[in-house]
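Participant: Here's the feature list from TrEMBL:
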TRANSMEM  6-26  transmembrane segment
TRANSMEM  33-54  transmembrane segment
TRANSMEM  74-97  transmembrane segment
TRANSMEM  117-142  transmembrane segment
TRANSMEM  162-183  transmembrane segment
TRANSMEM  215-236  transmembrane segment
TRANSMEM  242-262  transmembrane segment
TRANSMEM  271-289  transmembrane segment
Amino acid sequence: MVIDLRIRMLVSLGVVLILNLIFLMGRHATIRVMGFLVFPLIAYFLFLSIYLVGSWQPDLLTTQVEFNQNTLHQIWISIPVMVFAFSHTPIISTFAIDRREKYGEHAMDKCKKIMKVAYLIICISVLFFVFSCLLSIPPSYIEAAKEEGVTILSALSMLPNAPAWLSISGIIVAVVAMSKSFLGTYFGVIEGATEVVKTTLQQVGVKKSRAFNRALSIMLVSLITFIVCCINPNAISMIYAISGPLIAMILFIMPTLSTYLIPALKPWRSIGNLITLIVGILCVSVMFFS
């Protein structure tokens, strides 16, 4: 389906403005909105996973899925996407500040408990949904959805006798999920952009207040977001080439490698850090060798 450029521009402008309005309402309001969005999403995917149990075809694992060299290649090139999908670092600082204000000295322990439960819920719901889709959708439908650049929910709606509510709810869920991801990422992006704007202005001899730098960074990031939405590049290709490897370089490789290069950080060496380093190297290698 080809969308007219004017329609794409209007929709992009409207979405960017609405999400910015939510962001400008303040940190507490934005976190409440994100909290309101996340639980219905989890409930929807769990419901859909259970709903698909009746359509499971175990033979898809034996007749359609083959483990060979191509399988290893597919797993390798999917690492940047998984790194990008599970990365929530931009919201961590905002989350930590919010918990510090509420729990004070006990914030660290509270954050650890919250994150353990959150990780468990995310892993269970995501893995259950992935395996449920794998056992329910023939590879031909997945390939068709991939070629059209649509989500796995669209692949589900392509199935024979698929209910009408599936295609409608899929659009709603996609919009909600992208909005939640945008808001979660936006905090960290604006923090970084504000410092970049501040440093750039100081280089040319201009010194402005933090409020000015922040406002300018919001306008610049919003403009870039709007332009990218209008251009509509292949998101998966961008993740392969830029986002996934960049996240892996900053969060996987640099911190873990420093524990082996800096003697003072030796106490933090562990098997977990070594595995993280290996995954980071594999992720970055996709950018050069895929």
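Glycine is no exception: its Cβ is also placed from the backbone N, Cα and C atoms.
Mind running through what each feature is packed against?
Facilitator: Same-chain neighbours of the transmembrane segment (74-97): 27, 31, 34, 107, 111, 122, 184-189, 191, 236, 239-240, 243-245, 247-248, 251-252, 279, 282-283, 285-287, 290, counting only residues six or more beyond its ends whose CB sits under 8 Å from a CB of the stretch.
Residues 79-81, 83-84, 87, 89, 268-269, 273-274, 276-277, 279-281, 283-284, 286-287 of the same chain lie 6 or more positions beyond the ends of the transmembrane segment (242-262) yet place their CB under 8 Å from a CB of it.
For the transmembrane segment (271-289), same-chain residues at least 6 beyond its ends with a Cβ under 8 Å from one of its own Cβ atoms are 76-77, 79-80, 83, 240-242, 244-245, 247-249, 251-253, 256-257, 259.
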